[in-house]
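Q: Just passing along the structure, written as structure tokens.
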Amino acid sequence: MSLRDKHIVIGISGSIAAYKIATLVRLLRKAEASVQVIMTQEATQFITPLTLSTLSNNPVYVDYYDQKSGEWNNHVHIAESADLILIAPATANTLAKCAQGICDNLLQAVYLSAKSDVCIAPAMDLDMWIHPSVKNNIQLLKSYGDLIIPPGKGELASGLVGEGRLAEPEEIFQFIEDHLQANQPLKGKKALVSAGPTYEAIDPVRFIGNHSSGKMGYAIANQLRKLGAEVTLVSGPTALESPEGVQRVNVQSAAEMYAACSNSFQEADITVMSAAVADYTPIEVADQKIKKKAEDFSISLKKTTDILASLGAIKKSGQILVGFALETNNELENAKDKLKRKNLDFIVLNSMQDKGAGFAHDTNKITVINRQEEILSFDLKSKEEVAKDICDLIIAQLSK
Ligand code: CTP
């Protein structure tokens with residue numbers, strides 16, 4: 001299996017087995033994965049960052065702050081970008097820190113910020129491996145959902161023979177490949193996501209826009225891609241970076257967004273319209289910058305095409321169409337009405353009455369209503385977590 005578009009973050013802690021990671025990085029790169037290595041200070045005693053940056057074709061991060069480039073190594077971004085985080089070799093010390101939530105180096109901060117699955121490959125001497133405190137920590141890590149790649153038996157660096165050797169690079173590679181493959185329920189599916197605001201030009205320098213950041217749509221596109229879908233992201237103007245492996249189509253206006261979405265919709269198995277599309281656009285766009293003259297000034301607007309409703313009107317059976325509703329009042333009734341009017345499979349409701357929900361926040365609180373008018377309420381979560389919930393509902397809908 002090719003691991004193209006998969007981004008693996010590897011955290012190396014201070015064990016003699018660190019040298020094996022050079023081979024693992026080569027195997028991952030050969031399978032076309034992108035690899036980001038993070039090391040603890042201790043790990044750099046066992047294998048040089050230069051070896052790993054050369055093999056991974058990426059800078060290796062050790063500290064929060066890179067003295068040379070003056071750059072801040074953002075642990076949240078590193079964690080967010082990962083399709084999988086692997087900690088290998090994980091020493092008894094690193095295991096304990098992960099189990100207890102201790103955050104005294106970049107690797108630990110990335111572990112605590114993980115959004116993806118985390119695999120941990122321990123390596124230590126046999127007596128350490130069977131110590132009850134280590135066993136307890138392993139149980140704790142499993143209870144958090146981390147996956148343990150068990151150590152092998154054999155000769156240890158201490159000269160003792162027993163269990164504790166880091167799994168071989170080929171075994172770790174196989175584990176990663178199997179895990180990523182098993183987590184691809186949307187493999188072979190095409191998805192279309194709209195995100196961000198639209199800008200409706202008034203003249204060459206002014207526009208009518210809105211405060212949508214695009215974060216929710218980008219998180220959904222990223223999650224759909226992680227689950228194996230081939231994703232087209234039609235994006236209004238945002239400051240966000242494209243999620244890796246997603247095909248992004250940049251648009252400005254509602255009309256451009258309509259054209260781009262119509263282009264991809266026929267092929268799409270899953271469509272999620274999370275963009276905040278302008279409902280009205282100026283009837284005329286001035287060729288030159290409008291000068292201020294009169295005391296009062298008004299712009300005549302005309303309705304834009306409702307993209308979601310137009311797609312709903314031509315939706316074929318088997319296609320899944322999801323819309324959003326941002327409401328300030330009469331939320332449930334308005335959302336139910338949109339669900340029916342636009343022929344959706346389900347609608348994701350954001351209420352402006354919920355704190356931390358809606359535009360610009362990193363969090364969101366959603367209520368989902370389906371065609372049977374069942375209402376599912378979710379807690380306030382990060383937009384990545386919300387994206388996972390929405391994708392779970394899509395997967396459930398596909399298997400109906
Ligand atoms: N939408 C769209 N095209 C438009 C307007 C909205 O595709 N021209 C989509 C949005 O992407 C969202 C859903 O319709 O998924 C609901 O958008 P919203 O603005 O809440 O609803 P409207 O239908 O515009 O209704 P109203 O403004 O009256 O609340």
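Yeah, the Cβs are placed from backbone N, Cα and C, and that goes for glycine too.
Taken from TrEMBL, the feature CTP binding site covers D279, K289, F324, K338, K342. Annotation source TrEMBL lists domain 'Flavoprotein' at 6-180. Here TrEMBL flags 186-396 as domain 'DNA/pantothenate metabolism flavoprotein C-terminal'. For 1-190, the entry in TrEMBL reads region 'Phosphopantothenoylcysteine decarboxylase'. The region 'Phosphopantothenate--cysteine ligase' annotation in TrEMBL covers 191-400.
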Q: Mean pLDDT for the region 'Phosphopantothenoylcysteine decarboxylase' (1-190), as a whole number?
A: 94
Q: Of K289, K338, K342, the binding-site residues given in the record, which has the fewest other CB atoms within 10 A of its CB?
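A: Candidates: the binding-site residues K289, K338, K342. Fewest Cβ atoms within 10 Å: K289.
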Q: Using a Cβ cut-off under 8 Å and a sequence separation of 6 or more, which residues in the same chain sit near F324 (CTP binding site)?
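A: Listed in sequence order, they are M216, M273, S274, I347, V348, L349, N350.
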